[in-house]
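Quick notes on the structure that follows.
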Amino acid sequence: MSLPRITRLPPVRLLSSIYHHHCQQLLLPSITPLTVPRRTVVQNEYRRPGQPKEDKWPWQKMNFGLSKGLEGIKKHFTLMKKEFSDTWVGPEGKPVLEHMLEQNRVVCEFRNPEDLEQWTVSSDREIGGQSEVYLKLGKYNTCFLYGTLCSAPPKDGETRYSGYCTMRSKQQLSSLDRKKHYDWTSFNTLHLRVRGDGRPWMISIGTETYFSHQKDDLYCYFLYTRGGPYWQDVKIPFSKFFLTHRGRIQDDQHPLWLDKVNTVGFTLGDKADGPFQLEIDYIGVCKDYAHTEEFAYELYKRNPEV
Amino acid sequence: MSPMLSSTLLFALGIGTTITFASSHWFLAWMGLEINTLAILPLMAQYHHPRAVEATLKYFLTQATAASTLLFATTTNAWLTGQWDIQHMTHPLPATLFTLALALKVGLAPLHIWLPEVLQGLDLGTGLIMSTWQKLAPFALLIQIYPANSTLLIILGLASTLVGGWGGLNQTQLRKILAYSSVAHLGWMVLVLQFSPALTLLTLLMYLIMTFSTFLAFKLTNATNINALATAWTKAPALTALMPLVLLSLGGLPPLSGFMPKWLILQELSKQDLALTATLAALTALLSLYFYLRLSYAMALTMFPNTPTGTPPWRFQSSQVTFPLAISVTATLMLLPLTPTITALLTS
């Protein structure tokens, strides 16, 4: 991965001397000095390299129209009314008996184009790479993710590796744009029905990180697709998911807590250039009573007293 | 966490509460509360889990707010009345502020919203300390002040019993259920505070014993949601048989110990011509009873459809010491016949 650009920039005084004397160009045209975003630990907006600079103030980008306001009010009040009425039925709008008895739950099904709106796709094109990824509704009302992977790194002189495509669910919002979390504590296994092309994918689950200030924490596990015309039922226990931060596996592992799950994602980065496709019928969770493992990885002490 | 560190923190927890118990100066009492807060924060965050960090952060923010409001109230009282003695808080404004600050500290409605989220992020052992030990110091102060805010205390009490019962109805997480149970019990304690502080103390002690049993039982069966309770019978069948009674004791049903404080409080409220308050409190207790019954049903009175008859978990010797659980369960179930003795002790 590329190093932070700020560490590579020469001091400002030297920059101005370079421009003045038209000396050997140390800076590439794509780098804009003094406006390069710094990597911070707080949840700031990050301007990806290659994207145009923001030259409008926030209020210039917003639409203050009355119709938009009225639509917003209607939408939020409808959601609020639904929330209030759901509490009369039970937690999350279902009776408690259903919560106690259910052993399987379908979380995502792809039957309408609106279901695809809940997902966002991304590839290394955003950092200057050449991969392509598209999402559409498959032939039999499934989610069809396809594209081309290209691991040629962008020509910016810094990025050494590239070639990834990803699809991630959007953060669910309840009324007044508050975050809504999935509560999967009654379950212990992720159940997917997929049809791939033999490529290995990475499934990542994102939990609530607002208070821990680690917004790039993801719990990941592998999905090895079989390829071929037959559907594949994949069941991955949640105890197998390991903690990563910005793609790097962490030493300090802990189990995934299932009471505030925000997003699920699929990433492909197997360095094999060429077309790919992944078809997903549904994503669900289930309770496997035979699986009693709490966490699959060693919670060893990193600095044991000798 | 190393044993030295955890024993230091637990000692600090004890010292903080003891300082608050032993103080007659507001400043010293505030200091004891702060020591308590600061000592439990590392215990809450020791596992470095994002949810534990979230719970610690929320706990710190609420407790810091409460402590600063408390200090402001006591400083205002010192400015207005010229003295710092705890038992001479006579001016109504600082007394109100002080009551609200302590309500935020313990989690009385409508200042209770932090409690379920914080308890949910903790493991059961730390949750136990938070639900039991951390309530002692604020109540020690509440009991000592002159009851200048009778209306406020009644409102806080009734709101807490109502919210505690209602809020717990839609929960499937056991720690959140126990948080709402805590809110409801605190409501009962505060209702009778101005009429009989001894009864408040009795309710607090009974609540501590019952909550102690419940938390330890859940810790033994490693249950954090209602579904996990359904398979608790395979791990500890004797405990599973007793737990419904413990939960019904929490609900305040005779002939179990939990009935004692509720009965005496209703009697006291009736004597003070607050029959409507007593009726409302008794009705709201039914809401709490509903979710306790639901837990009892899930644990002992129903057999779930997919119980694996062929693969029950191995019943290993538990690493958790069960002696305290045995004592507390006995106390939770069997203390009602001692009511006359306890009442005599309280009124003497």
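From the backbone N, Cα and C atoms, a Cβ is placed for every residue, glycine too.
Computed from a predicted structure; not experimentally measured.
Per TrEMBL, the feature domain 'NADH:quinone oxidoreductase/Mrp antiporter transmembrane' maps to B:23-287.
Residues annotated as domain 'NADH dehydrogenase subunit 2 C-terminal' in TrEMBL: B:289-342.
The transmembrane segment annotation in TrEMBL covers B:59-80 (among others).
Per TrEMBL, transmembrane segment is recorded for B:92-115 (among others).
The transmembrane segment feature in TrEMBL is assigned to B:152-170 (among others). Within its own chain, the transmembrane segment (B:152-170) has Cβ neighbours under 8 Å at 96, 99-100, 103, 108-110, 112, 116, 176-177, 180-194, 274, 277, 280-281, 284-288, 290-291, counting only residues six or more beyond its boundaries.
Taken from TrEMBL, the feature transmembrane segment applies to B:177-195 (among others).
The annotation transmembrane segment is assigned in TrEMBL to B:201-220 (among others). Through the fold, the transmembrane segment (B:201-220) approaches residues 124-125, 127-128, 131-132, 135-136, 139, 143, 174, 178, 181-182, 185-186, 188-189, 192, 235-236, 239, 243, 246-247, 249-250, 257-258, 260-261, 264-265, 318, 320, 322, 324-325, 328-329, 331-332, 335, 342, 346 of its own chain, all at least 6 residues removed from its boundaries and within a Cβ separation under 8 Å.
Positions annotated as transmembrane segment by TrEMBL: B:232-254 (among others).
Residues or ranges marked as transmembrane segment in TrEMBL: B:274-293 (among others).
The transmembrane segment annotation in TrEMBL covers B:323-346 (among others). Residues of the same chain lying 6 or more positions beyond the ends of the transmembrane segment (B:323-346) and with a Cβ under 8 Å from any Cβ of it are 198-199, 201-202, 206, 209-210, 212-213, 216-217, 220, 239, 242, 245-246, 249, 254-260, 263-264.
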Beyond the flanks of the transmembrane segment (B:177-195) by 6 or more, those residues with Cβ under 8 Å of it: 103, 106-109, 112, 115-116, 118-120, 127, 131, 135, 139, 142-143, 147, 150, 153-154, 156-165, 167-168, 171, 203-204, 207, 211, 214-215, 250, 261-262, 265, 268-269, 271-272, 277, 281, 284-285, 288, 291-292, 295
Sequence-remote partners of the transmembrane segment (B:92-115) [C-beta within less than 8 Å, at least six residues beyond its ends]: 33, 58-59, 61-63, 65-67, 69-70, 72-74, 76-77, 80, 134-135, 138-139, 141-142, 145-146, 148-149, 152-153, 156-157, 159-160, 162-164, 179, 182-183, 186-187, 190
Outside the transmembrane segment (B:274-293), six or more residues from its ends: residues with CB under 8 Å to it: 154, 157-158, 161-162, 164-166, 168-169, 171, 177, 180-181, 184, 187-188, 191, 247-248, 250-253, 262, 265-266
